[in-house]
Amino acid sequence: MAASPGGSPAPAVEEPAPQPEAHAREPGSVSAKRGEDRRASRGRLSFCTKVCYGIGGVPNQVASSATAFYLQLFLLDVAQIPAAQVSLVMFGGKVSGAAADPVAGFFISRSRRTGSGRLMPWVLGCTPFIALAYFFLWFLPPFTNLRGLWYMTFYCLFQALATFFQVPYTALTMLLTPSPRERDTITAYRMTMEMAGTLMGATVHGLIVSGAHSPHRCEEAEFPGPVAVSPNATCLYSIAAAVVAVTYPVCSGLLRLGVKEPPDPSAPVSSQDTSFLAGLALTVRHPPYLKLVISFLFISAAVQVEQSYLVLFCTHASRLHDHVQSLVLTILVSAVLSTPLWEWVLQRFGKRTSAFGICMMVPFAILLAAVPTAPVAYVVAFVSGVSIAVSLLLPWSMLPDVVDDFQLQHQHGMETIFYSSYVFFTKLSGAGALGISTLSLEFAGYEAGACKQAEQVVVTLKVLIGAVPTCMILTGLCILMVGPALKVPSQDTSRRLSLRRRTSYSLA
């Protein structure tokens, strides 16, 4: 009780002060009970709030799922851009999204609170622009010489706007409740809804554009070279883009209606005496955060590579082109269904133990590259979905604990800096992994739009689907497991942080 949240004696004297004043103002037992209920309600969220908060993350995952599985195939076989230009598009888009993260963190941390809050206006303001950018990303322009520049522009714009949408949205986790258990719960709601969005994006987009990649187009071709793009294919991709783009205004509206952003308890402290660059320097020097970021740099890059090349592998390196849609659905359904299970495992056995679930996909990824048959592919897809679920849930469950640990040491929350810098580093690793891997297809002799690829391309796709994710996942897990376990806030720590946040709420 005598210990202060930040370890200094001065706050320990100040913190208990509001309680006697509250009793002085409300001497009756009924009024005191109402005050306690109001404070308790700030920590516990309603079911409607949790669901609406989870829905807010759906559109970005719907769009990201469609681009992860189908964008490379669209650029190579429909837009028929050379593999080298596709590599630049993928790399440039990811880098622009990564570069937008610290910029988003800077402007959001400097923004003033409005009637809708401090973070919510950023989410709502980006919605119409990101919907338009996503639609034109899948639009086939009438000119051919500058198509690479067209897709580079809109992919960079889409990634940057998605960052300005995602950073304030994820940072809301720290502000909605001071309870670590409630934050883990709403993170599970968010991840479950986002996995459902991932499933919806791949399913809807894949079903709409399935006719554009029918194997009959190659059977009807007279020559083994590139096949002309049919107008039907471009129309199908435009329809799919429009359907996905509509999810942004719909889900953002539900988020605004169901979630009320509370006052930011760390804003009065961090915004006055700590600049953005100084705060960024503090966060990257925090050891638990540094280990978390470095480990998931490799793990998230492995997941992105696995997603990006699955469709190309099934289309050109195996006889599984008729099973592409079913395999994608198997991965995503498995991930959605296993997310609540991983949340239970995370609560029951700890976050560090749960990390071993990520390596489940390692032997199966190698097996798929060695034996690319349909039964093996479906088993690999199911296990990969289970592993992807924990790889997505785990870092977002660990990050609030890191922020709490940092706040106890420095008395600065800086949630937006933590979240924006984490997304920055993971996107940067994904940009490098996807850019280099796509460039390897160019060196292997990938021919855009061709029905049959050279043997070197087949071998390259097998390496990208098997060996590359395996090495990245094992490297990331080794880094995560080295050294002491990531500190989870104790009951006493949670109580002191809750008291500090509640005091800040009452003063706001």
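One-based numbering along the chain as shown.
Cβ coordinates are placed from backbone N, Cα and C, and glycine is handled just like the others.
Annotated compositional bias 'Low complexity' per TrEMBL: 1-16, in sequence order. Feature annotation from TrEMBL assigns region 'Disordered' to 1-38. Residues or ranges marked as transmembrane segment by TrEMBL: 119-140, 152-176, 196-216, 236-255, 292-312, 324-342, 354-371, 377-396, 417-441, 461-486.
Within its own chain, the transmembrane segment (119-140) has Cβ neighbours under 8 Å at 56, 63, 67, 71, 74, 78-79, 104, 108, 111, 147, 151, 154-155, 157-158, 161-162, 164-165, 167-169, 171-172, 175, 229, 234, 237-238, 240-242, 244-246, 248-249, 252, 255-256, 259, 261, 264, 416, counting only residues six or more beyond its boundaries.
Between the transmembrane segment (292-312) and the transmembrane segment (377-396), three or more CB pairs separated by 6 or more residues in sequence fall under 8 Å, so the two stretches touch. Long-range contacts of the transmembrane segment (152-176) within its own chain (CB-CB distance under 8 A, at least 6 residues past either end) are made by residues 45, 49, 53, 56-57, 60, 63-64, 71, 88-90, 92-94, 96-101, 104-105, 108, 119-120, 122-123, 126-127, 129-130, 133-134, 136-137, 182-183, 186-187, 190, 255, 259, 261-265, 396, 400, 403, 413, 415-416, 419-420, 423, 427. Listed by sequence, the residues of this chain that lie at least six past the ends of the transmembrane segment (417-441) yet keep a Cβ under 8 A from its Cβ atoms are 72, 83-84, 86-88, 90-91, 93-95, 97-99, 101-102, 104-105, 108-109, 159, 163, 166-167, 170-171, 276, 279-280, 283-284, 289, 292-293, 296-298, 300-302, 304-305, 308-309, 395, 399, 402-403, 406, 457, 460-461, 464, 468, 472.
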